[in-house]
Amino acid sequence: MKKFLLGAVAASVLAFSGSAMANFVAGQDYQVVAKPVKVEKPGKIEVREFFWYGCGHCFALEPHMQGWLKKLPKDVRFVRTPAAMNPLWEQAARAYYVSEALGVRQKAHLQLFHDIHDKQRPILEQAQLAKFYTRYGISEEKFNTTYKSFPITSKIAQAKNLAAQYQLSGVPAVTVNGKYIVQGNDAKVIQVVNYLIEKERKAK
């Protein structure tokens, strides 16, 4: 997994310089949101990634996103949103928010992707996810209680509402400042995102 991440990080770093010279086209390289979605903090340019742990394309994109995050501009706010567009996806989305609430998200996020895709382990349903998080000191009882809690249910409702506002039909999808949607699973996604960030800066 380390070699995979390092290679993608290098590609993402190169994407920063490449995006400055590229000229991307709406409707081809990215989609324009018909009705812009309100961002959480208007003072910053919001970049939001919608994903599902069971998605192979999301797994392929993740190291590129990790590389990009290492050089996150100060005027950009990144938000990761687990897609909950069907009952199976919702279980993994709830698990993501549980890991966030219990303080293990940073430790567990990449490892869960790795276990599902590299090790081919079926960890997508509640019971399987509860067992996975025990390695981070969270009992299955604590996981299941938090999983069903009101705060987690509220976050799931917000995630569903956002996906509906963007009219998403699949993942991965990266949105920029509530106005644009970029889809793909390679370094080009980063190039387009950077291009759109610069577009938003110039529009201020």
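Glycine is treated like the rest: Cβ placed from N, Cα and C.
Positions annotated as signal peptide by TrEMBL: 1-22.
According to TrEMBL, the domain 'Thioredoxin' annotation covers 15-198. Mean per-residue pLDDT, taken over the domain 'Thioredoxin' (15-198), amounts to 96.
Feature annotation from TrEMBL assigns disulfide bond to CYS55-CYS58. The 10 Å shell around the Cβ of CYS58 (disulfide bond) contains 23 further Cβ atoms across the protein chains shown. DSSP gives CYS58 (disulfide bond) a helix state.
Within 10 Å of the C-beta atom of CYS55 (disulfide bond) sit 22 other C-beta atoms, taking all shown protein chains into account.
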